[in-house]
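Among the features that TrEMBL reports, domain 'G-protein coupled receptors family 1 profile' is placed at 319-566. What TrEMBL lists as signal peptide is 1-19. Sequence annotations record features per position, and here TrEMBL assigns transmembrane segment to 307-328, 340-364, 384-405, 426-449, 469-493, 514-537, 549-569.
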């Protein structure tokens, strides 16, 4: 009767998947949305089952397996290709078998495995691969269960594994689990012997933890044994063959012709490896191994770099913030050099902030960066850091080129004031620079190359032709800027050395000073450009570990030095700084002195280009201006200015 009923209902339950039809298991009752498995008849009670498969169905409720009991020692459960199953409930497998079982729960629609889901089971292998919607395994999912010894969570959406219940796992498989960026506490994987993971940095963390764990275990064992020396036999059978038994006594004549005890009694192997306290465990096997872009080390790599990166980023941030504060609060007329210097300070400030982010993460993850590498490199923080690095670096190079071209243009047209670069033209040039640099910094965030290839968050991904072209274009931009600066200063020095050149002494002095500074900047960048171009053409001449020395000491050193060499150490900046401080009640005498020098200098310039009547009209203005500062008395020396 039951069999006839099943035959009538089974056509309604068939679900076609690649030509495979679902047939309700013999020990189960099936409906359109659920399956209940129990001992329906006496004949089924006495029957043992080694395999149960529930696959390719449209059920939306997890099958009730609590009434199944198998005596087979190799019971295998298949629940596969059921896309409407969204969770594994509590006590889903309790009482199914008292022996170890293999559970293949793959390619379903699971989103969650609830607490105590595997309670009351002994799990040999648990395969959860290809459950692409599986995001959560509850912390207590394995509570009350023994095992699993093998866990496969490949191609799932899990972000982490439970911290409890994995103590028996010998093999962990998590290939193509790209959202699994953080491993559980490693002490919860104390039995792990083999791991097949997605990210090399996870293997770095596991191998480091395993080496430390092995050291502590062996030390503890040796403390309990005085005979732990490297004399364990390579072949256990050698234990018996090393010593021979001498046969003597009244029975010796019965064993004439036998030369050893083994010949008489057979092989005697008294070597028990499991009782050998001095035996080392096999080393943990893990793949994929660390690659050239992600070595097993901290972000800084070297101790002195950890100190240098903090020193450089603090100087860069403080120096450039000071420049921006003084220039923005200055009451003096905004000139083209000051305008461009603001952009240079902002670009270098971006590099300082980038270094601060890298230094902070390095400090927080010191000694265990591998456990956090994927979270950092694929997170928002690394993207922001990489954006600031590329944008700030390229804008700094562009601004230095603009400063050089402006100096060349000013000196070349020294007597034609109408052809000098004005603020309107400078603004247009800097707008173009901002657009270009923003575009170059945003491309890696849009899939052209990537910032998450290395721990320093720089665009080093050249796997695709488009990414390789982007990196090469970025480097050629820097090389092109360097060539422009070289050409401009070659023209400037050629003109300055000409005694008939009608330029102003101030322009030539500034040009000489800036030439030395800018050439120094680009000499520092030359090693980076050289090694980066070779790496972009897939001929690396330096490792990532050693390249960090260039990236920390050479790449940002300009951002640290520029505010001091281009602004803070100049007389014009000191004047603006003292005037700003005087508004706060500090250094008023110094500020007044700079005001007088500026005013007198302007009068001298005007007197040289005006008539005699205009010269006489300026004297009263000087007296009026100086009378506004009663604590400053005019001195004869001031009249000579």
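Positions of Cβ are set from backbone N, Cα and C atoms, glycine also.
In TrEMBL, annotation is done automatically, which means it is predicted and not curated.
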Averaged over the domain 'G-protein coupled receptors family 1 profile' (319-566), what pLDDT does the predicted model reach?
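Averaged over the domain 'G-protein coupled receptors family 1 profile' (319-566), per-residue pLDDT gives 83.
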Given a Cβ distance threshold of under 8 angstroms, which distant residues of the chain, six or more beyond its ends, lie next to the transmembrane segment (549-569)?
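Distal contacts: 300, 302, 305, 308-309, 312-313, 315-316, 319-320, 322-323, 326-327, 341, 344-345, 347-349, 351-352, 354-355, 392-393, 396, 456, 458, 514, 517, 521, 524-525, 527-528, 531, 542.
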Counting Cβ pairs under 8 Å that sit 6 or more residues apart, are there three or more between the transmembrane segment (469-493) and the transmembrane segment (307-328)?
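The answer is no, given that the two segments have fewer than 3 Cβ pairs within the 8 Å cut-off.
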